[in-house]
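Structure first, then comments.
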């Protein structure tokens, strides 16, 4: 949604000094953040080490996983479809490793050279590469998701979304799409902790956790159809937001404002219109299409020898595909409320973000230009103020602005270096 400066490594849980050392590593630098005492904290050390070697670590691990799983697990030779099982967990883990490698490779070897070619300044290059990666990912998966949706029996049909429970088999494309989506959001939990902290860090982390739980449980509980619908609704919004940010970093402020307006419209329609319609269908359509009770996962028939209300278990039934493949699975009101609670939790987060978006929209209509309100301090490591960051971001390609900005930063860093040197000399004298 809203998103490592290749020069920025966040010091998790510690404050940073503006006079940090840097380590050259191929085409990019890794900054060694330190706390006020000048000592690198263990989380900071790990972040620096991981970022330096993330490509090698990811590719090495991925090769081992490829040797273990050369194809999607649980293929049925008779029907030509796939089912679920415990080996899917290893495939998901391999997906997390894969996205870690692809993210680093695309940012360093594709998007960073592209940013230089387009004249994006170094201070904005990290944000450009982050948003570029998100455009690539979300565009690919939104297109794939829409292809699956369009060619399904539930296209434009909410009744069809809930019918056929439990749908035990699925195509290879659907299974790969769903498991890789889960792997991506699990990887985003790691990414959000490696990026520089933003004002909505807690909301972002909560969003990634809820999304991952929803994807994992809907997959194991035979509800990939509704999951596909919701992913299609949210992914297109993420594409438009990241694309608008790219236009801003390229200095195309007017195009950025237009893209932002399109993004705002899509946000309102997809996330507060169609998304809530899917949630409402849990009350209106689900009880008739998918009545409470227990079902045979092979035939799909409702079993009369089990409780008519489906019992009161939640996790036991949700994880049935991994716990007892081929056995009966039950649906009850508690499971329905649990899924609805998670979906409503996401809606609350999206309403919080909507408030931030409307602030930006107000600026656009006032002629000030679109700027992410969450990022007013994201360049604070370079000493920029809110106004200075906005002006600089809108005029990234202006050489005069760049020279003035660099000169002012050099002056500040020289003064800080002198003050720190004086402070260290005083400490040495006190120690004697």
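Note that Cβ sites are derived from N, Cα and C of the backbone, with glycine treated the same way.
Here is what Swiss-Prot says about this protein:
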DOMAIN    123-366  domain 'TLC'
CARBOHYD  77  N-linked glycosylation site
REGION    370-395  region 'Disordered'
TRANSMEM  55-75  transmembrane segment
TRANSMEM  91-111  transmembrane segment
TRANSMEM  128-148  transmembrane segment
TRANSMEM  172-192  transmembrane segment
TRANSMEM  226-246  transmembrane segment
TRANSMEM  250-270  transmembrane segment
TRANSMEM  273-293  transmembrane segment
TRANSMEM  338-358  transmembrane segment
Go through the chain and flag residues at least 6 beyond the ends of the transmembrane segment (128-148) whose CB is under 8 A from any CB in it; none is fine as an answer.
-> 3-4, 6, 99, 103, 106-108, 110-112, 114-115, 120, 171, 173-174, 177, 180-181, 184, 195, 228, 231-232, 235-236, 238-239, 242-243, 245-246, 249-250
Report the listed stretch (91-111, 226-246, 273-293) having the maximum count of Cβ pairs within less than 8 Å of the transmembrane segment (172-192).
-> 91-111
Report, as numbers and ranges, which residues of the same chain sit near the transmembrane segment (226-246): CB under 8 Å and 6 or more residues beyond its ends.
-> 1-3, 127-128, 131-132, 134-135, 138-139, 141-142, 145-146, 148-149, 152, 154, 161-162, 174, 177-178, 181, 214-215, 218-219, 256, 259-260, 262-263, 266-267, 270-271, 274-275, 278, 343, 370, 372
Please report the number of other Cβ atoms within 10 Å of the Cβ of residue 77 (N-linked glycosylation site).
-> 6
Averaging pLDDT over all residues of the domain 'TLC' (123-366) gives 93
